[in-house]
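To keep things clear, I will list the structure first and then write my remarks on it.
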Amino acid sequence: MRFKELAELFEELEKTTSHREIVRKISEFFKNLRGDEVKDSAYLFLGSTGPAFENTTLGIKDMLAIRAIAGAYGVTREDVRKRYARTGDLGDVAFELSKKRESSLTIEDVFQRLLQIRETSGKGSQEEKTALFSDILQKATPEEGKYIVRLVLGRLRLGFGDQFLLEAFAIAFTGDKKHAAKIKESYSVCTDIGELAKILAENGARATGFISIKPGRPVKSMLSQRVESFEELEKRVKGKKAAEEKYDGERVQVHKTGEGIKAFSRRLEDITSQYPEIIEDVRKTVPANEIVLDGEIVAYAELERNGNRIEEFYPFQNLMQRRRKYEIENYRKKCPVAVFFFDILYLNGEPLLKRPYPERRALLEMNVVESGIIRLSKRIVTESVEEIEDFFNETIEKGLEGIVVKSMSSNSYYEAGKRSWFWFKWKQEYSEGMRETFDLVVVGSYYGRGRRKGSFGALLCAVLNKEGQRFETLTKVGTGFTEADAEEINRLLSDHIVSEIPKGVSIKKGMLPDIFIEPAVVIEVLGSEITNSPGHTAGEGEEETGLALRFPRFLRIRHDKTPYDAMTVKEVRDLKDGT
């Protein structure tokens, strides 16, 4: 298929606001694709060249893109810069400059060229990337050029995520949207959307019956529900239950296939290179040939005090020093870590997601030998809520976040990608009267004054309305930031500034920020009360006013979460209603 048809669809989708209409248009497009076009297009719709667990960055920033655009269209870089300053979008600049009326570019041509740019590395790679980019722009029509530039820069900005695509797959490949729920479940296990699209195109609805976990391809993490009190725990989890320490670190999945070992973050990113000591110790202490483990990496050290060995857990912020590509050995010494495994998902050819938690825990203990770095989560098994409360208090004294209480029932399966009713978390903030922390998406910022001049004064934050797959504002956050926090947030937001309310974001007129931010950055916030508010759009309906979070205070950036992992409108409303 010609790339022109995909570019024209992108243009249509950018202007379409109806959820149903977006899904319909995408499904019609996929019905007409053949062979590798299905897989390639699935990636392109998400502005990528592969799944999240591959390094899909093309390595081209604005400066190189300006050079490529100038070279492609025979204009000066200064001309491109001026047009960019006016439009705020290098894709629009390419659209303005391109004079080509006809193009023979196919989807495969464009996808392969993007792969070529991505895989070019080493000495002279910047010049080669620029030449490859410039060359394909010369062959493209204005519409094609606009979206090629956006794809190269990773700024497609269609205003929707993977859930729209999965609903479209249901219609295109099974003929009925009712299969969307099963397809979404399958996507939690097969997190490669291109591979999933290919399997569905070839097998239809029956494909969801044989998609399974595969070592080397991370699954979406199972998450915990929230409870209001220890008494509620007793109602939610009958009989015997396990209480495990909850660590304030980075969620990790470790996949071992023979000598090959990889670590993946909650966002499914490959973080293997950041934690070489964990990879080394897994190789020594985990004898299984094929295994997938779920755990938490924490900044941690064992120290000796007064002749006693004690565990020292350091704040999550310390761990962020390890999120780097360079000076790994230096920061390995500065910030020692341990990984606490609490689940096993696959073992020597056998998927374990449908095995109950007690069986999985037994297999975990049989297949992981603890070392200084490789640990198993500490836990108690009891029917007594009083014992669980005592265990919780012990974890807080150790400097931990709290506990996770897990069902021991015969159907306590690992529910990938779900906030499961088999796991419940209880954190220190809850016992202090702060019922919840909120993972919110930044959608705007307000200019700072005084010591914050030149930075933001407050951030406009939103929650996810899952039904409409849009972001609705909940609060403005202006306290809790250190100078280092503000600097890091400014850096993260700078790539996502747009000139108008981003598509898929709902903001009231009286709440309009000075700067609009497309949904990309997630922050964790502590708040004291949820109230009704006509000023915010979270949960607003024909008969319901919006919701607002009062007295929010910034806690940290959630590098491990995507906007679609943020708190939902339903979760906020449930907290307000006490359900």
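For all residues, glycine too, the Cβ spot is worked out from N, Cα and C.
According to Swiss-Prot, the residue from LYS238, LYS425 that belongs to the ATP site alongside GLU244, ARG251, ARG266, GLU296, PHE342, ARG419 is LYS425. Neighbour density for LYS246 (active site, N6-AMP-lysine intermediate): within 10 A of its CB lie 23 other CB atoms from the protein chains shown.
Annotation: LYS425 are the binding-site residues among ARG266, ARG419, LYS425 whose CA atoms are within 10 angstroms of the CA of LYS246 (active site, N6-AMP-lysine intermediate). Here ATP is bound by GLU244, ARG251, ARG266, GLU296, PHE342, ARG419, LYS425 per the record. The longest Cα to Cα distance in that group is 19 Å.
Under the three-state DSSP scheme, ARG251 (ATP binding site) falls in the strand class. Taking every protein chain shown into account, ARG251, ARG266, ARG419, LYS425 are the binding-site residues, and of these the Cβ with the most other Cβ atoms within 10 Å belongs to ARG266. ARG266 (ATP binding site) carries neither a helix nor a strand DSSP state and counts as coil.
For GLU244 (ATP binding site), the Cβ neighbour count at a 10 Å cut-off comes to 23, with all displayed protein chains included. Reduced to three states, the DSSP call for LYS246 (active site, N6-AMP-lysine intermediate) is strand.
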